[in-house]
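Copied over from TrEMBL, here are the features:
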type	residues	note
BINDING	H295, H344, H409, H588	Fe cation binding site
Amino acid sequence: MQPSLHFFTPKHQSLLQTQSPLFTCKFIVNPAKKTVPRNPLPLLSPPAPSRSPPHPEVVEPMVQRERSNALVPQHPNYPVHLNRFQKLAAVALDKIETSVIMRLEKNHVLPKMVDPEVQISGNFAPVEECPVHHGLEVVGRIPACLRGVYVRNGANPMFAPSGGHHLFDGDGMIHAVSLGLGNKASYSCRYTRTSRLVQEARFGRCMFPKPIGELHGHLGLARLGLYMARAGLGLVDGSHGTGVANAGLVYFNGRLLAMSEDDLPYHVKITGDGDLETIGRFNFSDQIDCPLIAHPKLDPVTGDLHTLNYNVLKKPYLKYFRFDKFGRKSGDLHVDIDQATMIHDFAITENFVVIPDHQMVFKLSEMIRGGSPVVYNKNKTSRFGVLQQTDVVGSGIQWINVPNCFCFHLWNAWEEISDTGDKIIVVIGSCMNPPDSIFNESKDTFRSELSEIRMNLRTRQSTQRVIVSGMNLEAGQVNGQYLGQKTRFVYLAIADPWPKCSGMAKVDLQTGKVTKFMYGTWRYGGEPFFVPDKKQTCNRNGNEDEGYIMGLVRDEKKEMSEMVIVKGSSMEQVAAIRLPSRVPYGFHGTFISQEELRRQVI
């Protein structure tokens, strides 16, 4: 693969079906100390000063555009396929953006949740793609059962934001660490070639609005109108999706799928030497035409993949469906909810699907009033819907109120029988407070407490209890072989100092005991991923924690990145793999075994 980019033809959808050229990020950043400026810099301009450091340990930014990069033209770059009228219209719309919208945006102080100088600072700043590096330094021994590839998704904006930017707005980039025989390891990272990214690469800058960072108030409406004008003139095409594929990853039916809830998933191929190649937007063989949430659930017993779709514009606001292990889709089941609601995650049990209906809702009318379309509805009572997996119409769904509960992530759920013979649904999740912490600033201290929710299907009553108090636990999972069944252990990131993660925790759900693995001073990571030891047979005799936890760690002082491998039973490190380039903090990952890779759909 050559490190240069040819300009794309209008047939960007067909381009996504083939290996794309190397994309490089448009920022040169000192990894641990610099930030991305709020406004894009001219190609040859000097570094722009920061208004103020976002964190005490972060110095003022010194960021400049890469001068030799073909993706950052010195003058506006209009694709060759545009006719003369389109080019004139493009120039006029660009003038409106720079002279009117951006000028008005500069007069507004951005909240830190959408301020690029905060959201893309330090090790949250983007990196360039990295081709495969083999022969990485390994400290310790890689366990024999870990033969395969660990992949982790994250947000990595290619272009400097012109306005607001939320961490969730960045372009999806997957980091891959391949583990082989002889204690050998390799690393690569690649952008997922979404339709949005391919089109913006042709123009050399942002052309689509950022859903969270920019779509606020009247200026957000202006941004939306600008996009609609560009789409109406054929400058950009949203018919092939506008998502960034930066959040979840799932390996299902021979395909690695990159997910974000604003689009269909993208199929990404893992090559024989450990590189990543975007195959294209994946519609499950023409069975779906709607976005999927970032956290589908793979049933370890049946092999079914359960998922949801939510619509922020019209009813039905929520749909549930699943795919069997062969990829065949069930019918859509419309879940009756009163408001368009953010549902980032859900849970399954052996027989039920557990759907949260929490207080973060979408109200597009708030933009007309000058606010955000993502609203914390304090008058709404949180509840969970418990749906039989065999229910084909949804008439039997039971809604159970669970007040003062907002779980952005749910780690597991299962069924129990009470002493009185009632069926109980047990849900394990991290309850976040304030509920809008991810989207809005708050004077209240952030808390994300591991909690147990118990719902009685006969009485429709619920109880809650905090399993671990005084510790923020977010991002993680249980042993995937036990998903939907009763588990004893859950493995989570210690989210402190928020939004960084200083270690990982193994929590015994029976006793509440917490066993920590701390990364050390100036070292932070993200989501820990548990991989069961395939030599162990899962049963109820206490070997649920036989396996290994892996995660990516950044030493901000030494400016080094590595992947650590920790033994699940003892929470002691057994190996560390030194990575050749900086890996930003990101979102969710998965592990694909060598056996699964042999069955990969090419």
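Cβ atoms are placed via backbone N, Cα and C, with glycine included.
Cβ crowding, taken as the number of other Cβ atoms within 10 Å, peaks at H588 among the binding-site residues H344, H409, H588. With a 10 A radius on its CB, H295 (Fe cation binding site) counts 21 other CB atoms from all the protein chains. Listed in chain order, the residues near the Fe cation site other than H295, H344, H409, H588 are A247, G248, I293, A294, D345, F408, each with its Cβ within 8 Å of the site Cβ centroid.
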